[in-house]
């Protein structure tokens with residue numbers, strides 16, 4: 001091999017090694033950071049036959065059950081129930097709930113499944129919109145309309 | 001009436017854009033001077049009609065004309081007048097009108113400031129911009145017309161502007177960001193025009209460099225402002241959330257940064273041509289992809305607009321057309337692009353290849369993390385989300401080699417760099433940065449690997465930059481004369497790199513040493529955090545023009561001395577019926593004290609969120625430094641000298657020779 005070719009080969013293989021390493025690292029990191037989305041009934045009954053493992057990190061989306069929010073009197077710990085169309089699960093959270101957290105409204109929580117029907121949430125999200133329902137949940141709850149009567153006729157569409 | 005005029009004006013702008021897409025391109029192909037001469041007046045026409053349409057919509061907002069559907073949805077009589085004017089870009093339709101207006105501004109800027117560029121090339125550039133414009137205007141008129149009326153039944157009052165957007169940051173964030181996004185369409189047009197002409201030489205690189213820089217500066221400022229706005233407005237104290245829409249703006253920035261560097265190589269050394277073209281095309285395609293993600297409603301994010309499938313499909317089709325068309329042209333022309341320059345393994349060219357590879361890898365990481373949830377869902381594999389730790393982890397891996405090369409690049413010569421000379425410099429930089437970082441790290445109360453790594457990286461950049469400047473001025477003997485000799489574009493590079501170093505310090509410190517506490521407090525209670533005492537004085541009711549709420553009054557003490565008095569608000573916007581947190585921040589060079597009011601608890605207690613964020617200002621200061629560096633580069637006489645040189649002689653060869661000779665002279669003193 002002449003030196004120029006050799007140099008090129010060296011450059012190309014170096015690039016390949018770097019790219020392969022990068023992709024490997026990326027996939028590994030990705031595999032650890034994907035959170036699967038469940039609805040409360042999917043956590044209890046399983047999603048396509050697969051139940052989430054206790055200890056698994058996941059995202060759950062559901063409607064907060066009316067009257068289920070219980071605050072600890074001395075700290076910021078809070079418990080509430082989530083529901084879609086089937087059984088309920090309980091979510092515990094430490095901290096300040098988002099501005100739009102209300103009973104009867106859709107939220108998404110990310111956290112760990114600590115018992116079969118209990119989630120320790122690290123993050124609770126409610127969108128800045130009163131009518132918000134997570135799209136995944138809306139899909140799971142097809143048939144249940146979540147439209148305010150006051151909305152009808154106001155907008156053109 | 002004015003709304004109809006505005007609509008009509010948009011139609012005229014579309015017609016002008018269609019003509020702009022046809023005549024100049026055709027003229028350039030046939031060599032007809034008359035047809036090519038139509039480019040400039042047509043571009044100005046597009047701009048004037050768009051500007052008039054924009055004025056009409058602003059007027060409808062100012063006059064509270066709620067018969068216009070878009071105004072009724074995004075404004076309210078209680079809204080102060082300045083927010084009524086900025087509410088024009090508070091929703092989907094109007095923000096797209098702003099987008100198109102900015103597009104026409106860029107087009108006119110190209111038409112006006114490019115008198116030095118051969119008219120054939122200019123005609124092609126403007127023609128391509130016209131073609132892109134046709135897509136934008138069609139989309140606006142067919143799928144998102146901001147002038148639609150709500151007649152005969154229109155509301156008495158509007159639904160108000162989203163409270164998140166009622167903030168000073170929001171007044172300037174979207175225009176700046178759009179200037180950046182749309183600016184890449186100019187770079188794209190230059191690349192395509194050069195591909196059509198089959199002449200991708202270093203003159204092309206020199207012409208597109210200032211435009212790339214300008215777009216990049218705007219994008220940098222826009223993203224930084226967005227981050228600052230999110231920090232103070234969302235009430236979570238975070239400055240970057242890896243939200244899909246943030247990612248959508250970050251990807252063109254990464255590619256744009258790579259493009260800036262590779263254009264420099266193409267201009268100076270006539271290599272990497274096809275790669276540079278590919279980057280120019282991708283930067284614009286990623287801008288369009290961002291638009292698609294934000295406006296199609298396919299993603300759920302704080303930024304997303306109302307979803308409408310036709311809109312998504314239209315942008316997707318436009319995206320396919322642009323990507324497919326430009327890549328086809330690229331595939332046809334790329335084999336003709338031969339790079340003449342030669343370079344060795346250790347040379348500035350190689351360092352810049354490394355820079356480009358790492359920036360492209362970073363773009364891929366962001367692209368993957370953003371699109372994977374979409375793909376996963378479309379394939380029916382269920383909903384997933386990619387967590388922020390993924391991005392954080394990947395960016396740490398990518399930043400370390402990136403910074404390593406960043407210091408070596410400017411110190412190396414083009415073509416070939418002697419390894420031993422470079423090694424000496426690097427050894428010194430390495431020694432200084434590691435020992436300084438360790439000293440600082442061990443001197444502080446708590447040692448953190450991440451913070452120390454961040455310090456090493458930024459001191460490494462600092463030392464290498466100082467070495468590089470010294471190396472440049474060493475030849476001229478006297479220091480001040482040497483400093484004077486450095487060009488503005490060189491200072492631009494220095495500032496850009498230092499800005500990055502400053503930003504790394506900020507990021508490392510904030511991620512390692514931030515302290516936060518969510519607490520339950522009654523009036524009179526106080527808590528201690530990072531040596532500061534926060535005492536809640538009381539919570540009082542609040543009344544604003546279009547909101548009511550509560551304000552928490554908090555006194556901060558450090559070492560027994562009163563430091564500041566903060567008022568954190570919780571607002572309830574009556575029309576939109578939504579709650580907003582207005583955080584109160586005590587700003588400092590080395591730390592921010594951040595207080596946000598949470599919900600009301602029983603027995604008069606409130607939930608409060610208190611943060612101490614060290615060095616967070618440095619993140620935005622770094623971005624600002626980078627943008628100032630960009631402006632300095634832009635002000636370089638080189639770009640104007642190219643004009644003069646071009647006027648003197650129409651052939652490019654002598655001009656090129658001169659420029660590279662100048663480059664050699666500058667390097668010769670190393």
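Think of each number as a place in line: the chain as shown, counted from 1.
Just so you know, glycine gets a Cβ as well, placed from its N, Cα and C.
Copied over from TrEMBL, here are the features:
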DOMAIN    B:89-296  domain 'Cytochrome c assembly protein'
DOMAIN    B:316-637  domain 'Cytochrome c-type biogenesis protein CcmF C-terminal'
REGION    B:650-670  region 'Disordered'
TRANSMEM  B:6-26  transmembrane segment
TRANSMEM  B:38-62  transmembrane segment
TRANSMEM  B:96-114  transmembrane segment
TRANSMEM  B:178-198  transmembrane segment
TRANSMEM  B:210-230  transmembrane segment
TRANSMEM  B:250-266  transmembrane segment
TRANSMEM  B:278-300  transmembrane segment
TRANSMEM  B:312-332  transmembrane segment
TRANSMEM  B:353-375  transmembrane segment
TRANSMEM  B:395-414  transmembrane segment
TRANSMEM  B:426-443  transmembrane segment
TRANSMEM  B:615-634  transmembrane segment
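Within the same chain, residues 2-3, 5-7, 9-10, 12-13, 16-17, 19-20, 23-24, 27, 68, 70-71, 74-75, 81, 84-85, 87-88, 94, 97-98, 100-101, 103-105, 107-108, 110-112, 122-123, 126-127, 129-130, 133, 146-147 sit at least 6 positions outside the transmembrane segment (B:38-62) and bring their C-beta atoms closer than 8 Å to a C-beta of that stretch. Confidence for the domain 'Cytochrome c assembly protein' (B:89-296), expressed as mean pLDDT, is 89. Counting same-chain residues at least six beyond the ends of the transmembrane segment (B:6-26), those with a Cβ under 8 angstroms from any Cβ of the stretch are 32, 35-36, 38-39, 42-43, 45-46, 49-50, 52-57, 60, 100, 104, 107, 123-124, 126-131, 133-134, 137-138, 140-141, 145, 147.
Beyond its flanks by at least six residues, the transmembrane segment (B:178-198) meets 28, 95, 98-99, 102-103, 106-107, 109-110, 120-121, 124-129, 132, 204, 207-208, 211-212, 214-223, 249, 252-253, 256, 259, 277, 280-281, 283-284, 287, 290-291, 326, 329-330, 333, 336 of its own chain at Cβ-Cβ distances under 8 Å.
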